[in-house]
Amino acid sequence: TRPAQHRESSFGARDFGGFQDCFFRDRPMDTARIAVVGAGVAGLSTAVCISELAPRCSVTVISDKFTPETTSDVAAGMLIPHTYPDTPIHKQKQWFRETFNHLFAIANSAEAGDAGVHLVSGIKGSGGWTLTRRVEDLWELHPSFDVVVNCSGLGSRQLAGDSKIFPVRGQVLQVQAPWVEHFIRDGSGLTYIYPGTSHVTLGGTRQKGDWNLSPDAENSQEILSRCCALEPSLHGACDIREKVGLRPYRPGVRLQTELLARDGRRLPVVHHYGHGSGGISVHWGTALEAARLVSECIHALRTPTPKSKL
């Protein structure tokens, strides 16, 4: 195995052919090329699952932003079940159970001290690439990739033409308060205090349809006031930093395959987005399902199409 390698580029869409030659010059002819668009918790988890489960494939993660500039980096990272109205309950339970089991295994491993109560990013030992660039159209990844996984979150409004997904703005404060060792959360979940490995996260806001990524001073003051009411010792917190993220909300997580076709050419796309604020809680379960869909796409690509007899 080799560690993930990083490439940064501002090349245009037509230059993907050059990346194809560079990345896959020595690959076996039957290696399927997989592009995962989006580098949040959903995208990276899907890349890992595909690397582990899909047969004979190479994985490239493509995003205009990587950690620490993703929405996932702003999230407090608590494992709490979330409800998706348009997704069957049994499927939600499966995703949460698989994600819980994954995180529970980490908590009981030698890496628990490094991971803390949060999942942390690291090097994917099964190999892969990262590429910094903006994707304007999923079709531009053809023919450099055989399968595309769309984990672009809110970017799917443009990339997938999905009007069902919209932002729910979340503003939080990251403060230094090392004496806070236990989380506190009010009944509605709007006000919360979550201690992490390097800071305490104070929240928050749920502003539907708000695309503003700039911190709002009034929001910050209100958050601090509400959290201090729950834990008065936070009046002594220092190094207060404002953070804003846009939750990619959708009535149901979109996990399905779509076949794009142009001029007789085809590009399978596996959509995996729309987790809202529940990405941390179900990400591994949904990533496993996305990887299974990718495996099905790879199998279909390798299965010869029967020729009709005239």
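Each Cβ is built from the backbone N, Cα and C atoms, and glycine gets one as well.
Around SER72 (FAD binding site), the same-chain residues six or more apart in sequence whose CB sits under 8 Å from its CB are GLY40, VAL41, GLY279, ILE280, listed in sequence order. Annotated FAD binding site per TrEMBL: THR71, SER72, VAL135, in sequence order.
According to TrEMBL, the feature domain 'FAD dependent oxidoreductase' maps to 104-293.
The feature D-dopa binding site is assigned by TrEMBL to TYR192, ARG247. With a cut-off of 8 Å between CB atoms and residues at least 6 apart in sequence, the same chain places ALA76, MET78, PHE183, ILE184, ARG185, ASP186, THR201, LEU202, GLY203, GLY204, CYS227 near TYR192 (D-dopa binding site), listed in sequence order.
Taking CA atoms as the reference points, THR71 (FAD binding site) and ARG247 (D-dopa binding site) are 7 Å apart. For the pair VAL135 (FAD binding site) and ARG247 (D-dopa binding site), the Cα-Cα distance reads 20 Å. For ARG247 (D-dopa binding site), the number of other Cβ atoms no farther than 10 Å from its own Cβ, over all displayed protein chains, is 23.
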